[in-house]
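Engineer: Sharing the record's features from TrEMBL:
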type	residues	note
ACT_SITE	H443	active site, proton acceptor
BINDING	K51, T139, G140, S141, D311, M317, L318, A319, H320	FAD binding site
BINDING	G178, A179, G180, V181, I182, G183, L184, E185, E201, G270	NAD(+) binding site
DISULFID	C42-C47	disulfide bond
DOMAIN	4-326	domain 'FAD/NAD(P)-binding'
DOMAIN	345-454	domain 'Pyridine nucleotide-disulphide oxidoreductase dimerisation'
Amino acid sequence: MSTYDLIVIGAGPGGYVCAIRAAQLGLKVACVEGRETLGGTCLNVGCIPSKALLHASHMLHETHENFEKMGLMGAKPKVDWDKMQGYKAETVAGNTKGIEFLFKKNKIDWLKGWASIEGAGKVKVGETVHETKNIVIATGSEPASLKGVTVDNDAGVVVDSTGALSLPRIPKSMVVIGAGVIGLELGSAYARLGAEVTVVEFLDAITPGMDGEVQKQFQKILAKQGLKFVLGAAVSEVEVEKGKAEVTYKLRKDDSEHEVKAECVLVATGRRPHVAGLGLDKVGVALTDRGFVQVDEHWQTSVQGIYAIGDAVPGPMLAHKAEDEGMAVAEVIAGKHGHVNYDVIPGVIYTTPEVASVGLTEEAAKESGRKVKVGKFPFMGNARAKALFQAEGFVKMIADAETDRVLGCHIIGPNAGEMIHEVCVAMEFGASAQDIALTCHAHPTCSEAVREAALACGGGAIHA
Ligand code: FAD
Ligand code: NAI
């Protein structure tokens, strides 16, 4: 048994990044992980495998829909599902092994097993109690359950996101419960792979919290790709008979009950913090009313020397938010200054086209009592997007009408997830829309649309 400066519990993007930064700052660090591989939800059953499937299905769609338009003729490829799963697994393994390498490089001990906290400074793994000056809880999240619905990932009929990433075969039909990020990313991937996908959503719009205009356009684009939407519908039950599922939902507007059958049902109705088994009540670590670990502005819990970050604490459940908190809390523990700017955390949905946003939506900016101006530019006016057959979206920039300061930006278009970062940097520097409008952007790039939206906040876009 050794004594550590820091034991991090959980090796997801929050935990492993925290461990690496703390080691770089000279602390003696261990990280406990109960999974067989490092990287957490994100690398194993989240961001990375889902993006592999999204990429492969996007490629298939390109060969089927767009190759001939570009004069690329030939037999259209068919899906070898096992091989596609193999590509996904290799992508995951390459990344999880990369974290193992980084742990060795930074002399971080990987304590294998499930941890519980015995008290401040005491972490139990297996039968061993390890002593440490500080503890960081980075145990992440797990799929939330839905009343009346039993998930069985092994059977592959009613699954959560983990099961949906490893289905035994591509289903002919799929019902997705929940039009949030997981439902739309995986739903659109399976639609491109040939499944008939119906999305049943409780609210009257998809992707709650997103800018209203983006929600509408995004739904239109996905509907054109073949996804069917049932909005304002609460799922009450899913029954499985002979390997097929029947989903019962009630329309909220008139309480009428309906059924839809499918070979596979993906339950994607949100995630909840994963803190079971840690023994937090015994130690006195307080939770919020929604079960998240309660922390102060330095990520310290109600017990001194115990910190928490990532999906286990309130805030957006995003890998990059967890990473930022991981770095910042390591700095705090090392006696330095750690900071996360929660106003500038981008959110990206990796469908085709991608949807990306940062800062305030138009609705939120107006609700805050500010006078706002909105600059919008459609990708129809962008030469590069047209060549990519992805010109249906737009860039929408929100700026303060009095100061011109950029308050938010929302993009639906090709590579939106890459493009959003210039706005993030601009916002970090307190830039005005005019600052972006006066910045030379290379031609022909999709990023020119960001500049055009900034121009539209002032004198007007050129190509609109
Ligand atoms: P996690 O990644 O959940 O890691 C926590 C780790 O702690 C786990 O490995 C767990 O095994 C371990 N652990 C838990 N309890 C214990 C214990 N007692 N002892 C030892 N180990 C323990 N976010 C994005 O930003 N971009 C995306 O594209 C994206 N795609 C996603 C796709 C899917 C399908 C899903 C499900 C999520 C996706 N997310 C994405 C969200 C992202 O995965 C999470 O926000 C992120 O992983 C949170 O990081 P974390 O470190 O807080 O926790
Ligand atoms: P979510 O919170 O994004 O969406 C859940 C949806 O389900 C909501 O629209 C909600 O109204 C709906 N819903 C809830 N109960 C319902 C019911 N009974 N019937 C019908 N609809 C119902 O949650 P999701 O998609 O499960 O994702 C969880 C988290 O994972 C998200 O918070 C997200 O941050 C993260 N994630 C991020 C990704 C990214 O950054 N690209 C990709 C995937 C996940």
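Keep in mind that glycine also has a Cβ here, set from the backbone N, Cα and C atoms.
Annotations in TrEMBL come from automatic prediction, not curation.
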Engineer: Can you tell which of E201, D311 has the most other C-beta atoms within 10 Å, given these are the binding-site residues?
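Structural biologist: Checking each of E201, D311, the winner is D311.
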Engineer: Between the recorded positions L184, D311, H320, H443, which lies closest to C47 (disulfide bond), Cα to Cα?
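Structural biologist: Nearest in space to C47 (disulfide bond), counting only the recorded positions, is H320.
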Engineer: I need the neighbours of the NAD(+) site defined by G178, A179, G180, V181, I182, G183, L184, E185, E201, G270. Which other residues of that chain put their C-beta within 8 angstroms of the C-beta centroid, in sequence order?
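Structural biologist: What remains near the Cβ centre is V176, G187, V199, I206, T207, A268, T269.
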Engineer: Around L184 (NAD(+) binding site), how many other C-beta atoms are within 10 angstroms of its C-beta?
Structural biologist: 27
Engineer: Return the average pLDDT for the domain 'Pyridine nucleotide-disulphide oxidoreductase dimerisation' (345-454) as a whole number.
Structural biologist: 98
Engineer: Tell me, how many other CB atoms lie within 10 A of the CB of C42 (disulfide bond), whichever protein chain they belong to?
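Structural biologist: Neighbour count, Cβ to Cβ under the 10 Å cut-off: 24.
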Engineer: If the criterion is a C-beta within less than 6 angstroms of any ligand 2 atom, which of the binding-site residues G178, I182, L184 pass it? List them in sequence order.
Structural biologist: G178, I182
Engineer: Please check each of the recorded positions G178, G180, E201, H443 and report the ones with a CB atom less than 6 Å from an atom of ligand 1, ordered along the sequence.
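Structural biologist: With ligand 1 as the reference and 6 Å as the Cβ limit, the list is empty: none.
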Engineer: If you count other Cβ atoms within 10 Å of each one's Cβ, which of the binding-site residues I182, L318 has the most?
Structural biologist: I182
Engineer: Given C42 (disulfide bond) and L318 (FAD binding site), what distance in Å do their CA atoms have, once rounded to a whole number?
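Structural biologist: So the Cα of L318 (FAD binding site) lies 9 Å away from that of C42 (disulfide bond).
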